[in-house]
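Database features, via TrEMBL:
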BINDING   G22, S23, G24, K25, G26, T27, R138, S212  GTP binding site
REGION    42-71  region 'NMPbind'
BINDING   R48, G69, L70, L71, Q103, R171, R182  AMP binding site
REGION    137-174  region 'LID'
DOMAIN    138-173  domain 'Adenylate kinase active site lid'
Amino acid sequence: MLRRYASHAAAQLRMTILGAPGSGKGTLSSRLLARNELASVVVGDLLRKEVSLGTELGLKAEAVMRSGGLLPDEVIARLMQPHLQALSAKDWLIDGYPRTARQAQLLDDALESFGDRLTLIVNLDVPDRVILQRIEERWIHAPSGRTYNLSFNPPKVAGKDDVTGEALSKRPDDDVATFAKRLERYHKENKPLLDYYAKAGDRLVTVQGETSDITWPKLEAIISSRFKLTPKSAQ
C-alpha cells in the first residue's frame, strides 16, 4: 500500500533518541531543547495531565498505576496521538519512547493516522564500559537534581554541590553490578526495536561516542544537514 504523508513531515523534525540507560539521551535532548524552538513530548507528563484533568483515559491510567500495573501499549499510543497531531506545525522530539518494537509499531500507526511519521530516529551507541564508569563516578545533589561526574564534570569542592555547598549523594540505583544487569536486559530488549527501525532507511542513524562532547557535535551536524530548526535566540 502506498503511504502518503503530509508535505510538512519531510521538512520538520519528528525525532526520538534510542539508547541504553546512562548513555546520555537526556543530556542530548536537553541541549536540543535549550537551543531550539522544539517541543518535547514526554509520556509521563501526558499521563499526569490526563489524570489531573480527570479524563476517562486519565482515570483508567490512575487506577492501573495505583495497582502497580503497567498501562497497555495501545492505551499509551491512544494518549499520544492527539498531542502529536496538535504539534503538526512544530518540530518535536519524543523523550524516552518507544522502548519496544510493539510501541514503535503503534507510534507509527498513530502518526500515520494523520499523515505524519518520524523523520529522525537516533540510535545512541555508547560502550557499556563507559556507561558503567559514568555510573560509578556519578554523584548528585538530590534537592536540585544537579549531576556531577568525577572525571569530566567534577564539583569544585569534593563531595559538595557547587551552588549550595550541600553534600552530594549517590542515587539508590547507581550500583555498578545492578546497572550492569540493566544494560544486559536493555540490549536483549532493544534488538527487536532496532530490527523494526531497520526498515526506516536513512531516517535511522547511529551516533557513536564515549562522551556528550563527542556525540553532541555529531548529532547537531546530522540535524542541521536535514532540518532547519529555529534557534531560541531568534525572535
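Placed from the backbone N, Cα and C atoms, the Cβ positions cover glycine too.
Location within the structure of each feature annotated in TrEMBL.
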residue	record	Cβ contacts under 8 Å, 6 or more apart
G24	GTP binding site	L124, V126, T211, S212, T215
K25	GTP binding site	I17, L18, G19, D95, G96, L124
G26	GTP binding site	D95
T27	GTP binding site	S212, W216
R48	AMP binding site	none
G69	AMP binding site	none
L70	AMP binding site	V64
R138	GTP binding site	T147, Y148, N149, K170, R171, D174
R182	AMP binding site	P21
>> List the residues in the vicinity of the GTP site, defined as same-chain residues other than G22, S23, G24, K25, G26, T27, R138, S212 with C-beta within 8 angstroms of the site's C-beta centre.
In response: G19, L28, V126, R134
> Which of the three DSSP-derived classes (helix, strand, coil) applies to R138 (GTP binding site)?
Replying inline: strand
> How many of the residues that make up the region 'NMPbind' (42-71) does DSSP mark as helix, as strand and as coil?
Replying inline: 22 helix, 1 strand, 7 coil
>> For the domain 'Adenylate kinase active site lid' (138-173), what's the mean pLDDT in this predicted model?
In response: 92
> Can you give the largest Cα to Cα distance in Å, as a whole number, for the residues G22, S23, G24, K25, G26, T27, R138, S212 that bind GTP in the record?
Replying inline: 16
> In whole Å, how far is L71 (AMP binding site) from S23 (GTP binding site) when you measure between their Cα atoms?
Replying inline: 26
>> Measuring Cα to Cα, how many Å separate G22 (GTP binding site) from Q103 (AMP binding site)?
In response: 21
> If you count the other Cβ atoms within 10 Å of each Cβ, which of the binding-site residues S23, Q103, S212 comes out on top?
Replying inline: S23
>> Max CA to CA distance in Å over the AMP-binding set R48, G69, L70, L71, Q103, R171, R182?
In response: 29
> How many neighbouring Cβ atoms, not counting its own, are there within 10 Å of the Cβ of L71 (AMP binding site)?
Replying inline: 16
>> What's the number of neighbouring CB atoms sitting within 10 A of the CB on G22 (GTP binding site)?
In response: 21
>> Using a 10 Å radius around its CB, how many other CB atoms surround R171 (AMP binding site)?
In response: 12
